[in-house]
Ligand code: HEM
């Protein structure tokens with residue numbers, strides 16, 4: 001169970017990050033070129049939402065089976081264990097909450113510029129937070 005989940009979380013991270021990056025770039029392009037927000041833009045943002053939520057779900061299960069997750073919680077003096085047992089899960093959870101807020105907010109907006117701006121801010125902040133707490137040394 002553990003090796004499979006670890007592999008899945010490691011592999012899905014590429015997809016989740018690519019989808020999120022693509023959605024952020026798309027919203028910045030839409031905003032700066034004053035484009036109309038179309039069904040295609042909605043789909044791009046939706047895929048990023050689904051991709052990151054799936055990663056969160058896998059991460060939550062992994063947290064309880066990995067020796068670097070719940071079992072390592074509390075080992076504050078060890079930077080690597082603090083990252084995987086506290087900082088990475090907590091910051092990513094906050095990032096995905098921001099992404100979800102961005103998605104909900106866009107639905108109430110009518111103006112294309114406001115929609116692109118909402119995605120650029122909330123998805124962009126989410127992406128920065130996620131990238132700030134990736135356990136890079138485990139991943140590469
Ligand atoms: C979009 C959000 C997330 C991304 C992109 C992400 C990405 C990653 C990556 C790239 C690794 C290193 C994988 C490897 O060893 O090759 C990792 C490890 C880990 N992640 Fe996440 N993660 C996310 C969310 C979460 C969440 C929400 C949790 C827990 C609630 C979590 C728990 C863990 C744990 C426990 C490890 C260490 C696994 C081990 O090596 O045993 N992750 N994550």
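All residue numbers here begin at 1 and follow the chain in the order shown.
Including glycine, each Cβ sits where the backbone N, Cα and C put it.
Proximity of distant same-chain residues to the transmembrane segment (12-32), defined by a Cβ-Cβ separation under 8 Å and at least 6 residues beyond the stretch ends, is recorded for 41, 44-45, 47-48, 51-52, 54-55, 58, 99, 112-113, 116-117, 119-120, 123-124, 126-127, 130-131, 134, 139. What TrEMBL records for 12-32 (among others) is transmembrane segment.
Annotation comment: TrEMBL describes 44-66 (among others) as transmembrane segment.
Within the same chain, residues 20, 45-46, 48-49, 52-53, 55-56, 59, 63, 69, 73, 76, 118-119, 121-123, 125-127, 129-130, 132-135 sit at least 6 positions outside the transmembrane segment (86-104) and bring their C-beta atoms closer than 8 Å to a C-beta of that stretch. Feature annotation from TrEMBL assigns transmembrane segment to 86-104 (among others).
According to TrEMBL, the transmembrane segment annotation covers 116-136 (among others).
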